[in-house]
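Below is one structure, written out as structure tokens, with a few remarks after it.
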Amino acid sequence: MDDDMENGSLSPYPDRPRRFPSMRSKSHTPLVFRIFMGINVRVLFFLLLLGVGAIFYVGIRTSPIIVFVLSVCTISLFFAVYLTKWVLAKDEGPPEMAEISDAIRDGAEGFFRTQYGTISKMAMFLSLVIFSIYFFRSTTPQQEASGLGRSACAYVTVAAFLLGALCSGIAGYVGMWVSVRANVRVSSAARRSAREALQVAVRAGGFSAIVVVGMAVVGVAILYATFYVWLGVGSPNAMKVTDLPLLLVGYGFGASFVALFAQLGGGIYTKAADVGADLVGKVEQGIPEDDPRNPAVIADLVGDNVGDCAARGADLFESIAAEIISAMILGGTMAQRCKIEDPTGFILFPLVVHSFDLVVSSIGIISIRGTRESGVKIGIEDPMAILQKGYSVTIFFAVLAFGLSTRWLLYTEQAPSAWLNFALCGLVGIITAYAFVWITKYYTDYKHEPVRLLAMSSSTGHGTNIIAGISLGLESTALPVLVISIAIISAFWLGHTSGLLDESGNPTGGLFGTAVATMGMLSTAAYVLTMDMFGPIADNAGGIVEMSQQPESVREITDVLDAVGNTTKATTKGFAIGSAALASFLLFSAYMDEVASFAQIPFKQVDIAIPEVFVGGLLGSMLIFLFSAWACAAVGRTAQEVVNEVRRQFIERPGIMEYKEKPDYGRCVAIVASASLQEMIKPGALAIVSPILIGFLFRVLGNVTDQPLLGAKVVASMLMFATVAGILMALFLNTAGGAWDNAKKFIETGALGGKGSEPHKAAVTGDTVGDPFKDTAGPSLHVLIKMLATITLVMAPVFL
């Protein structure tokens, strides 16, 4: 072979068996999984049975509700195993497909192992910082009364933080693990039937979604039950059950910490490779997307898995964990103020809602069935319509399950009709979720006018395409903000009028109403994550089909699935932003309650007319723009390295374009992996250090100027302004990027001259500009918003 290459006597590249280099130097399976795989099957089964038994024993000693939650999650895990076996039973197609898939898997698993090794080291360092803060801080009167000293608080918070980080990492690994094995099976299924390819991609995404949501619920449930039994909650001179949820905030911070760095590192990786591949391959060389001659194509396909699958799994895990914990805190606070005899139902309600989420989403996933007919044309059935039918089924059962949950857990003799008000709050959340999905679909799907107008603007050049895309992104922020505003006010009003009163006779259910609305919005989270995972799996499948040079009819199927996948990814991001807005509102309220608890001073409002507080708001808004700038700049710098490498290979290996020489795929993978790990540190550190530093400095200033709680007030202002600016910025970035991508896809269907035309080149430029918007800065922002809220909860003692 080497002699043939030196003599230039290779036969045409497509006629030769294609071999893609293995990038695996050692096992990339995480150490925990390697240890388990090395244990005898019978011993492992016994250990698992013992562990499950211990968990259920602790659950029984805590509450029947915990037992119900654990039972549903266990059944859901078996369903996830069924989905895995079903997907893996599908064939991998011809050898060339399997070889490409192996190269993608090697690159993805190698990067994941290195990235999460770096994140784990940072998590261990941060855990030491948290321990030091909690060990030397003051305790609340409730903690002192229960005998929970400073050292115990420190150990509890650090344990919760590390568990949240570990579970978030596992959630990310699960998302990546299934995607790198399902992509080739979707490619193979596309050779037979469009509907079968759709079903394989959906069920693969469903496995990841069920595991991610199940882990978030089980993690919080186990932590709650463990603390309940260990601290003897409910017994005389012990902690009250209403104060217990505050001990869980470390879990949410750990999940946010890992999700932020996973999203940053994965987003920089995937978009730097994508931009580099498009600029040189499509624009300069005029070769198709995912063409095997492009040296960056494997890095691009690897990026889909580490950026869109692994990072999104950790992202949604963090969203659910943060929402559950904040709702538990608010439920306990409200039950305590209202003197509800048994507050357990109000505290554990979020866990039950998300347990039902697993059930209703499983029904929605199963409702999407395949077909036995071969050669089904994609034009007969719209994949997006099929996915929406599944979503409609999921929503229908979610409404029923939510009503049942509120009647079961939120009924109280003090206000017999309160459960109905809270059920309506949940309905508000479900409608909000559906509205967000529809709005995002309208602005990013090329079947609707906005994207088609954006594609039309490409016919007059690159500049008009960029202008049209930016204006579309700016416009797309209006409707979501109106929907969020209506949802918050409606849910607050329904909770406020629920009939629940505090000791003074004042209505006190408003905040919990917004919490219930947030739960309603996330009550179909598993199915929404399924649609999100569908996108990168379909994208990878299209790349494998192109690289293995399958018939054009197969590529047509994967192209349409890929375009639908772009829309589902965009809708999921819109969904995540909406849930982040509501969850941040809850976490902000929980933060104010915690500050009041520590300081023993009422803390119910923040006055931005105070100069220092207003400055805190400005700093919060500035943080959003600076973070976004650094994230996009990181993609740009890494993409420049990829562009230079791809150009170098085309110059030094001219035979690549004639299929006479193989590109060095591994070189581009190594460049992107190394650069993305370095580039993620700077914006991530900014997000963690900023609130702590701002709160501490203004605390010192408050002590000097005799302004109590100034540090806490400034941080609260920073959090409010950062949330508002972050939501708007994330909506703009996500929608503009998704619209640019699908405008390019629309032209590639044959409109406006099709592939290779001048409008197509302009659309590729727009897509390139939008890449860091929609897959790096945008997704990282809504993670940042929630992480700022959780870090202020955990670090509140620093500000007092």
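Every residue, even glycine, has its Cβ placed from backbone N, Cα and C.
Worth saying up front: this structure is predicted, and the values here are computed from it rather than measured.
For 1-22, the entry in TrEMBL reads region 'Disordered'. Per TrEMBL, transmembrane segment is recorded for 31-59, 65-83, 119-136, 156-180, 200-224, 244-262, 347-369, 478-496, 508-529, 574-592, 613-636, 714-733 (among others).
Of the candidate ranges 119-136, 156-180, 200-224, 244-262, 478-496, 200-224 has the most C-beta pairs within less than 8 angstroms of the transmembrane segment (65-83). Long-range contacts of the transmembrane segment (347-369) within the same chain, counting only residues at least 6 positions beyond its ends with a Cβ under 8 Å from a Cβ of the stretch, are 63, 65-66, 68-69, 72-73, 76, 79, 83, 198-199, 202-203, 206, 209-210, 213-214, 216-217, 220-221, 224, 241-242, 244-245, 320, 323-324, 327-328, 331-332, 335, 386-387, 389-391, 393-394, 397-398, 401-402, 404-406, 408-410, 426, 515-516, 519-520, 522-527, 530. Most Cβ pairs under 8 Å to the transmembrane segment (714-733), among the stretches 156-180, 200-224, 244-262, 478-496, 508-529, belong to 478-496. When Cβ distances are compared across the two stretches, the transmembrane segment (200-224) makes contact with the transmembrane segment (508-529), since 3 or more pairs at least 6 residues apart fall below 8 angstroms. Residues 30, 84, 87, 101, 104-105, 108-109, 112, 116, 119-120, 123, 126-127, 130-131, 134, 148, 204-205, 207-208, 211-212, 215-216, 219, 223, 227, 247-259, 262, 304-306, 308-314, 316-318, 321, 533, 536-537, 540, 794 of the same chain lie 6 or more positions beyond the ends of the transmembrane segment (156-180) yet place their CB under 8 Å from a CB of it. Between the transmembrane segment (508-529) and the stretches 119-136, 244-262, 478-496, it is 478-496 that has the most C-beta pairs under 8 angstroms.
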